[in-house]
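Per TrEMBL, these features apply:
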type	residues	note
BINDING	ALA46, GLY47, ILE48, SER49, THR50, ASP56, PHE57, ARG58, GLN128, ASN129, ILE130, ASP131, THR223, SER224	NAD(+) binding site
BINDING	CYS156, CYS161, CYS182, CYS185	Zn(2+) binding site
COMPBIAS	277-289	compositional bias 'Basic and acidic residues'
COMPBIAS	301-313	compositional bias 'Basic and acidic residues'
REGION	277-313	region 'Disordered'
Amino acid sequence: VDFLRNLFSKTLGISGEKVLDELTLEGVARYIQSGACKNIICMVGAGISTSAGIPDFRSPETGLYANLQKYNLPYPEAIFQIDYFKKHPEPFFALARELYPGLFKPTVCHYFIKLLKDKGLLKRCYSQNIDTLERVAGLESEDLIEAHGTFYSSHCVSFMCRSEYSMDWMKVKIFSDDIPKCEKCNSLVKPDIVFFGENLPKRFFTSMAMDFPRCDLLIIMGTSLQVQPFAALVGWRLLNARSFRDVAHISTCDDGCLALADLLGWKAELEEMVKREHEKIDSKAKEEQANQSAVATGKAETGKAETGKTKAE
């Protein structure tokens, strides 16, 4: 081990500094509590959202790609292919109605990342997810690198136009069964999700170069690390590492976060955060539903009054 440590130190510029006293979750917790761990980066994928009811992509029976037969696609990934989308946008927007942000609540894992931010420990969260649940949990734009894009904003696909549209505008279009078209040039409007055949956001690359040299601890959750270039972030971390010691904790993402929070003395705080924030979301949903019902009732009453007036005349 000492030989390998010295070899990596000389060839890759990695020091042999030992930062964990034990390769366990307990060792990670003690490192976080030591005060030496000041900049934590989280890398997350679809697995942190499955407990919210959002399917991942590649699970054999429950994954998204295994359940797209109803859209009559030439192959499952076509639904996220930019060239296919431009010719056949209907399958994507039908899927978007099923998975649209606002229909799901953040998980324990999302709130654990928010807790890291509240404790002043989160350097950045690099996410493959497009469900915006990190934002719902309280992370802001500067906290996030949404590597595969987001529903949070949308743009016209025409390079000559590129008009921007809000999440609320896109939601109205999707749930009214309209194919979103640009109000200026009538081209398709697409949520700012990175499709196959598109480049990742420039901020992914610029932030990577700034963040990883400063990273004290990299926490990876809910991703199989099969998709590039996101998976390459791990290699970038190794090139900038002070240590090459890894810890694997095998469990669900939520259970793993609860276990680490417990070791850190944060479990009660985390559980209270989840309960409080979920109650807020439920309360807001009930209020919006009541408002929509009131609007619908008002329209119905107006219609009745207009009908009665016509008959009287």
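Note that Cβ sites are derived from N, Cα and C of the backbone, with glycine treated the same way.
Worth saying up front: this structure is predicted, and the values here are computed from it rather than measured.
Overlay of TrEMBL feature records on the structure.
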| residue | record | CB count, 10 Å |
| --- | --- | --- |
| ALA46 | NAD(+) binding site | 23 |
| ILE48 | NAD(+) binding site | 32 |
| THR50 | NAD(+) binding site | 19 |
| GLN128 | NAD(+) binding site | 23 |
| ILE130 | NAD(+) binding site | 24 |
| CYS156 | Zn(2+) binding site | 22 |
| CYS161 | Zn(2+) binding site | 14 |
| CYS182 | Zn(2+) binding site | 18 |
| CYS185 | Zn(2+) binding site | 14 |
| THR223 | NAD(+) binding site | 22 |
Pairwise CA distance, GLN128 (NAD(+) binding site) versus CYS185 (Zn(2+) binding site), rounded so that it is a whole Å: 31
Residue from ALA46, THR50, THR223 whose C-alpha is spatially nearest that of CYS182 (Zn(2+) binding site), among the binding-site residues: ALA46
Secondary structure content of the compositional bias 'Basic and acidic residues' (277-289), with strand meaning DSSP E or B: 13 helix, 0 strand, 0 coil
Additional residues around Zn(2+), ordered along the sequence, whose Cβ is within 8 Å of the centroid of CYS156, CYS161, CYS182, CYS185: VAL157, SER158, MET160, ARG162, SER163, GLU183, LYS184, ASN186, SER187, VAL189
From binding-site residues ALA46, ILE48, THR50, ILE130, THR223, the one whose Cα lies nearest CYS185 (Zn(2+) binding site): ILE130
